[in-house]
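Taken straight from TrEMBL:
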- 75-234: domain 'GAIN-B' (DOMAIN)
- 243-501: domain 'G-protein coupled receptors family 2 profile 2' (DOMAIN)
- 1-18: signal peptide (SIGNAL)
- 243-266: transmembrane segment (TRANSMEM)
- 278-295: transmembrane segment (TRANSMEM)
- 315-338: transmembrane segment (TRANSMEM)
- 350-370: transmembrane segment (TRANSMEM)
- 404-429: transmembrane segment (TRANSMEM)
- 450-469: transmembrane segment (TRANSMEM)
- 475-498: transmembrane segment (TRANSMEM)
Amino acid sequence: MDCRGAFFLCLCFMTSQSETMDTSQEPLRCMRKLETVSRYRRPAPFPDIIRDLENSLLNASFRGNNLTLQTRSIQSLIFKLGCGFAGLSLNSTTMEEYSKAGVSHAMYFPAELTKDACRARPRELRLICIYFSTAYFFQNANSLVLNNYVLGAQLGQGHVSNLNEPISISFQHNQSLEGYMVTCVFWKEGASKHYWGVWSPEGCRTEQLSPSRVLCRCNHLSYFAVLMQLSQAPIPRELLVPLMYISLVGCSISIVSSLLTILLHFQARKQGDSMTRIHMNLHASVLLLNVAFLLSPLPATPPVPGSACTAVAAILHFALLSCLTWTAIEGFNLYLLLGHVYNIYIRRYLLKLCAVGWGVPALLVLFLVVESSAYGPCTIPVSSSQENGTGFQNMSMCWVQNRWVHSILVMGYGGLTSLFNLVVLVWALRVLQRLRARNGVLNPRACRDSVTVLGLTVLLGTTWALAFFSFDVFLLPQLFLFTTFNSLYGFFLFLWFCSQRRRSEAEMETEMERFSSSQTML
């Protein structure tokens with residue numbers, strides 16, 4: 001080879017090296033740009049910059065099968081994968097400051113990861129992993145990220161989801177989680193009007209294997225983190241089984257009882273007055289509440305789509321609000337019956353009550369569905385005793401996710417209705433006591449009325465007040481009392497309905513006997 005050929009070959013080699021360095025330096029420029037934005041808290045289009053980083057990583061040229069790039073708070077990894085991919089395990093290789101602090105992470109990608117992509121078109125694939133030691137780019141209201149650590153992964157330009165074998169992400173930390181509930185979440189783009197995404201637990205399962213380690217198992221690729229939320233003490237697993245059994249049996253009995261009550265009502269020739277129809281509306285709301293509650297855990301786990309869980313959660317919330325509203329209507333109707341000696345005629349009384357009992361909860365729930373992502377999978381912390389300490393494995397059900405919505409439209413709404421019914425109960429008992437004192441003797445009918453009012457008002461709403469005693473020494477008895485009374489709520493209403501029906505039939509027989517006696521005397 002002459003000198004000109006050697007020079008040309010050397011020039012081509014240097015050019016290819018320069019192009020390789022340029023393409024591999026482009027991700028570093030994006031990473032440094034993100035560093036600057038994070039350090040000086042400058043406003044910037046986060047999704048655009050992060051997508052530029054992802055595209056530059058996918059298009060980077062490098063020798064070998066993997067490349068690692070690192071800045072102060074961002075680390076990026078690129079892997080070349082083939083269709084014979086057998087799985088990949090990654091351990092934390094972050095900066096020295098994090099290893100000293102006892103913070104690390106690990107990720108495992110199953111062999112199924114490349115299955116769909118290779119089935120469509122066999123080719124070389126790129127797997128990129130981006131690790132952020134700051135959650136500044138993933139801002140979300142009322143969210144506290146464990147160690148401010150976010151781990152992301154992407155396979156080419158495609159979307160990987162619904163994996164049979166989940167991706168495992170392990171977070172090692174040194175923070176005290178006492179009083180906190182941890183939840184594995186992923187960043188769901190476009191799900192919020194105020195941010196470029198929200199944290200969502202869909203498709204992820206949380207396991208707290210030890211006090212310093214949280215394991216996330218997710219069936220898709222995205223950006224993952226562990227959210228810390230203030231919570232009550234977790235439910236011991238030893239108590240969870242009897243509580244679930246009580247709920248299942250109690251709700252099933254209530255469903256049958258409510259159905260039977262409604263059928264008996266429609267079977268009767270005389271449909272009854274407005275009071276009886278108010279009772280039937282309450283039975284209908286209790287029936288819907290029990291059915292929705294039993295169905296709520298099913299859509300909370302993958303592969304059920306998130307829209308199904310949102311729908312079930314919204315129906316459950318609507319049923320609860322309707323049930324609470326109808327208990328307040330029962331108290332209001334009781335006040336009208338006892339507080340006014342003369343009958344008061346209200347035009348279209350039952351129609352107006354139905355507009356309040358069903359319409360108000362429907363408007364509230366529809367507003368939440370349209371305006372915010374208030375519904376979805378809700379985690380329940382469950383603790384279990386292990387050899388190396390206490391472990392945690394959360395359970396999920398479809399319910400209200402937003403803390404403010406839960407505080408106002410669950411606890412606040414229930415507290416107001418329970419307080420109203422308690423006030424009506426005390427007032428009604430005082431009225432009946434005055435009637436007995438006015439007669440000067442103990443009237444058996446007044447005693448029966450007292451028992452009726454007590455049973456009606458206690459069974460129609462005041463048991464929900466047990467929800468406000470879930471703290472300290474009251475937690476354990478409150479769990480069993482609340483679960484027992486409110487799961488059998490429909491059954492108690494059925495017993496009250498049967499007693500009232502039997503009482504009405506007995507009074508009717510007495511009136512018929514009196515009428516027959518008077519006719520005989522004539």
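Glycine is no exception: its Cβ is also placed from the backbone N, Cα and C atoms.
The stretch from 243-266, 315-338, 350-370, 475-498 that makes the most Cβ contacts under 8 Å with the transmembrane segment (278-295) is 315-338.
For the transmembrane segment (315-338), the partner stretch with the highest count of Cβ pairs under 8 angstroms, out of 243-266, 350-370, 404-429, 475-498, is 404-429. Within its own chain, the transmembrane segment (243-266) is flanked in space by residues 235, 272, 276, 280, 283-284, 286-287, 290-291, 293-294, 479-480, 483-484, 486-491, 493-494, 497, 501, which lie at least six positions past its ends and keep a Cβ under 8 Å from the stretch. Long-range contacts of the transmembrane segment (475-498) within its own chain (CB-CB distance under 8 A, at least 6 residues past either end) are made by residues 232-233, 235, 239, 242-243, 246-247, 249-251, 253-255, 257-258, 260-261, 264, 279, 282-283, 286-287, 290, 455-456, 459-460, 463-464, 466-467, 469. On the 0 to 100 pLDDT scale, the model's mean across the domain 'GAIN-B' (75-234) is 81.
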